[in-house]
Amino acid sequence: MVLPILPLIDDLASWGTKKAYASLVGQVLLDGSSLNKDEVLQFAKEEEVPLVALSLPNAKFSDDDIIAFLNNGVSSLFIASQDAKIVDHLVEELNVPKNRIVVEGNGVFHNQFLVNQKFSQDRIVSIKKLTKDLLIKEVVAEVRTDRPDGLFTTLVVDQYERCLGLVYSSKESIAKAIDLGRGVYYSRSRNEIWVKGETSGNGQKLLQISTDCDSDALKFIVEQENVGFCHLETMSCFGEFKHGLVGLESLLKQRLQDAPKESYTRRLFNDPALLDAKIKEEAEELTEAKGKQEISWEAADLFYFALAKLVTNNVSLKDVENNLNMKHLKITRRKGDAKPKFVAQAKAEEEAPTGPIHLHVVNASDKEGIKKALSRPIQKTSEIMHLVNPIIENVRDRGDSALLEYTEKFDGVKLSTPVLNAPFPEEYFEGLTEEMKDALDLSIENVRKFHAAQLPKETLEVETQPGVLCSRFPRPIEKVGLYIPGGTAILPSTALMLGVPAQVAQCKEIVFASPPRKSDGKVSPEVVYVAEKVGARMIVLAGGAQAVAAMAYGTETIPKVDKVLGPGNQFVTAAKMYVQNDTQALCSIDMPAGPSEVLVIADEDADADFVASDLLSQAEHGIDSQVILVGIKLSEKKIQEIQDAVHDQAMQLPRVDIVRKCIAHSTIILCDGYEEALEMSNKYAPEHLILQIANANDYVKLVDNAGSVFVGAYTPESCGDYSSGTNHTLPTYGYARQYSGANTATFQKFITAQNITPEGLENIGRAVMCVAKKEGLDGHRNAVKIRMSKLGLIPKDFQ
């Protein structure tokens, strides 16, 4: 509720001299008989007063003027009794809502739009007569209390209506708060008036005072200064606020002041063109987003860059909120159609594009062009973590109930249990054809052969000195969780690429996780078939970060695993990164992941159709896939053949729209030699490297960084993805510099052992004691010294 006093402004100069305390009321009445149209609009637009009313004299303002007032910040119209006849005109002709019209009756203005439902004439006070003392008197007279100490309960909120704390006020503290324009309260512990921030420095600028509906509690709206309201140095006495738009605005304001010169945020602040481009990019991604999680994610991205533009231009969220409030009050509204250029663009997108699907061409000597071609999309890790962390923590703390809630929320399926235990019911194999079984069996067997060959044949033993035998032997990781992307996609290949090596390594417990289908709550029969073949204990019917958390921490029905493996979207990757760094989880992962990618090296003799097919097999994964062709001494004719083949084949693919967008940011890099091409590939470190060059096998020795290499014209990436035997779970985003693809050793750990005889101790003991002494670790030294002394290998008085 606002206070039952309404300052009447008949000239703007008087407002300017008394604004500091008059604005605390939170409402004003503009005198339409004294102010002209421009003055009314100027005040309504520029002054930050929550409620602006206008006394409307008959016939002074035109209909257009009245609509302009109501559409630009004037909340309601006060009509004197003698002018009441214009009310019908306002409602019926101008479409003004009745609750925005206040009509006088017997000296009282009855109103349903402002919070107070009526104002008597004596409560409407000319701004020229309004003093601090009068305002204090009105406030104190309005509020009441039944407390024995006479104090008034006071809720303190910030300008965004977020609660900072609950305090108490006395008549004297209210008077002082209005006098100083600061947050002033009554301290019950000290039994005295409390000027907030007087000792702590965490003061408050008082913006508005109001009462509740019964006038037995006050609300102070303040602008909090420095670290916060609470003595514990949090913004609120109820803890820190959640990260939201207000928190992001605060963070960006801070970064505007102290962001490092080379940071990405500083680049955004200093480069308006880059910032505008990111806003357009994120807006486009939001229009293309599907599903609740993706739409909310893309919207958050757009909000980030939009807020960066606001902060850069000294525009606050409060300014935006005021604008929204003003728009909410509009009487006449435009139809809401998009601007013509965007309508035209939308129509153009609805029509099938007819332009050629071609890659960009850049020469290796063009350093900037190469840098752009080899750059990968920026991954907003910290922003993703803000979304993922609460999901992980909720599943960790609440187990199955949280997991089921997220499955219903994100996958649209309400399940009674989050797991499908082995042996798997026959109904889950329905729809699985014999042809598919044969294809999966062949793939499983080939992957098994290749990964079984990787098992060490015997324990590694090395005698480093006579009597010193060192050994290393593998042991399987006991429990592994294998994430299989699913939902609308069917990816049995990922299931077998992870499940078979786990079985070969003899992991004791294999757990699959895959999001259920929205249609029936099941996973695809192909995935269930692979799970049965590799001896999986169960399939967790969940996806995303929640599935990773369930396996990493365990729930009532899901065992805690020791390692989580498998590809996924950015949320899955973020969850894997989180759990591997949490000592409470004690869970490792296979590798980080990014968008899928391929780099093809081709020379003049390469088959253009083969090259195009390899590029397109990667491009159809998604618009963010990375597709690069490095050409060695390619002629203009060969380049055109490849471009034509890309276009012709792409137009035959069901996912041509995705391919078109991917190829639009893909590149052909022209090199002069094989070594230069391999050097460029090593720098990029692709997930998939395809060598369509003469004598391809001779150049494999030059490959330093790649997830997997496909050698020769008849080795498409597709074979490695499904059936050749190598693993398709590979490092992306340049991580091939540090990580291997999934292999048998991925599912093992290696333990070392040493067996030292007295002869061996004699050979290395003095060296051990020497180094231990230098490091100041006498216990280490003594463990050797005691043994050697008892063996008579050193004198008893040896120091």
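Keep in mind that glycine also has a Cβ here, set from the backbone N, Cα and C atoms.
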Same-site Zn(2+) binder from Asp562, Asp672, Asp721, given that Swiss-Prot records Gln618, His621, His780: Asp721
Candidates His621, His688, His780: member of the recorded positions with the richest Cβ shell (10 Å): His688
Intrachain C-beta neighbours of Asp721 (Zn(2+) binding site), sequence separation six or more, cut-off 8 angstroms: Ser493, His728
Cα proximity to His688 (active site), best match among binding-site residues Gln618, His621, His780: Gln618
Candidate nearest Glu687 (active site) in space, where candidates are the binding-site residues Gln618, His621, His780 and distance is Cα-Cα: Gln618
CB contacts for Gln618 (Zn(2+) binding site) [other CB atoms within 10 A, all chains]: 28
Cβ neighbour count (within 10 Å, all chains shown) around Glu687 (active site): 28
Per DSSP, three-state class assigned to His688 (active site): strand
Average pLDDT across the region 'Phosphoribosyl-AMP cyclohydrolase' (1-229), rounded to a whole number: 85
Helix, strand and coil counts within the region 'Phosphoribosyl-ATP pyrophosphohydrolase' (230-312) (DSSP): 59 helix, 2 strand, 22 coil
